Amino acid sequence: MKGLLSLSVLPVLAYASPMIVDSIHQDAAPILSSTNAKDIPDSYIVVFKKGVSSSSALAHQTWVQEIHTSTESKRLKKRNQFTFKNEAFDGLKHTFDIAGGLLGYSGHFDEEVIEQVRRHPDVEYIERDSEVRALESVTENGAPWGLARISHRKRLNFGTFNKYIYAAQGGEGVDAYVIDTGTNIEHVDFEGRASWGKTIPENDDDIDGNGHGTHCSGTIAGKKYGVAKKAHVHAVKVLRTSGSGTMSDVVKGVQWAAESHLKQVGETKKGNRKGFKGSVANMSLGGGKSVTLDRVVDQAVAVGMHFAVAAGNDNADACNYSPAASQNSITVGASTLTDERAYFSNYGKCTDIFAPGLNIQSTWIGSKYAVNTISGTSMASPHICGLLAYFLSLQPASDSAFAVAEITPAEMKENMISIASKNALTDIPADTPNLLAWNGGGSDNYKEIVGGKDNATKEHISSTLTEKLEQLAEEGLTAIYNELKDVVVA
């Protein structure tokens, strides 16, 4: 029965909108459900209040497993007596500790157990576990124009549509965690710079059987298809071959990535890893609104990870989806070759920036040479993740003689937004930032890029000369044009 909420619950619901509280009792933690996701029956994510220690959390988790075992034993006896009592519950599934900033667990419990859990004084709220999916994509014929677009201020033309201008060291020293369906780590485009990190779904294989994660990885760090061509990809599999999974598995995957990042930071401080420049992560997935997933992503950002997430493909307000609504990640909408908002792209104040997302060619599964061309904000977000890795690689390494204060995710997000091409897109709603990602036009000087010296002079000269060469081609001087065009535009 729904009723009035205590004041202590109000901050959670303000953060949670659009979520519903489907079960309210006095002195009990609320149970939250998303308004636009499919719940997984009898599956829950339990989040502890701030201030609960790791030892207290462990004691609670031991307690909940004990009462689960007890109720299951009683259930088994009833099932032996009454054949219609055939439900079985699995108990504790995952435990969560995101660098001490968010503690909790997930599991499959009956109503008797969950009622005891929600009355425990350490519990802040309970969220129904729900389905998460790789954002739907459309397979079409096309060309990899996205890299070219983020390296030019002006709309692409005949001379620039396939010219990616970039710093050669882009991505070097940066780890990229692709939290998705996995990655075809044997693909030649990764040049050995991809490794399997972790498989979260129980009893699943360490392969990408879907292709979605491999495509995202290629856009981030592939030799031919990638923004940051020297970054190292870590596959974090949270979705099964079908492209779907559970919210609790995704949360656990984010935790694993954050822990791996912190381990690399520690190894660098010990002198065991040279040239480390930081970690980025991409999540081209989504489901309904989840307070927990948004908070977990924000906590991973708080420990130093740079996160890009897809806005979603429902042509709707991105604030109604997770992780698109997370506050500290960079939420990415999709643009087209003609500089329009892609017809499917979500929008709204939770969208931070746009990047190419229609007809994007990248790596695929099936062989180490496979490629595919698909569309979606899933394809836009990896452009930003790659750009985060690209910009991080332009910083001095923390173990070098030229080391400077580490650039924080908040600073990087602010800088990326500040240098983006403004008002470049059409069909952008009034409450949505009209910003298109830009990589600095080939400059390898990050300070120069963010300082406003946006390499405009170089690009202006290149663009002007390209136009002149195109005129030569039109006048029949094709041989001269073919000889000079690559030199001028590169």
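Just so you know, glycine gets a Cβ as well, placed from its N, Cα and C.
As annotated by Swiss-Prot, signal peptide applies to 1-26, with the evidence given as sequence analysis. Swiss-Prot lists 43-133 with the feature domain 'Inhibitor I9', giving sequence analysis as the kind of evidence. Among the features that Swiss-Prot reports, domain 'Peptidase S8' is placed at 144-450. The feature active site, charge relay system is assigned by Swiss-Prot to ASP180, HIS212, SER378. If you look up Swiss-Prot, you'll see ASN282, ASN455 marked as N-linked glycosylation site, on the strength of sequence analysis.
For the pair SER378 (active site, charge relay system) and HIS212 (active site, charge relay system), the Cα-Cα distance reads 8 Å. Recorded residues ASN282 (N-linked glycosylation site) and ASP180 (active site, charge relay system) have their alpha carbons 8 Å apart, per Cα-Cα distance. Counted with DSSP, the domain 'Inhibitor I9' (43-133) comes out as 36 helix, 30 strand, 25 coil.
Across the structure, HIS212 (active site, charge relay system) and ASP180 (active site, charge relay system) place their CA atoms 7 angstrom apart.
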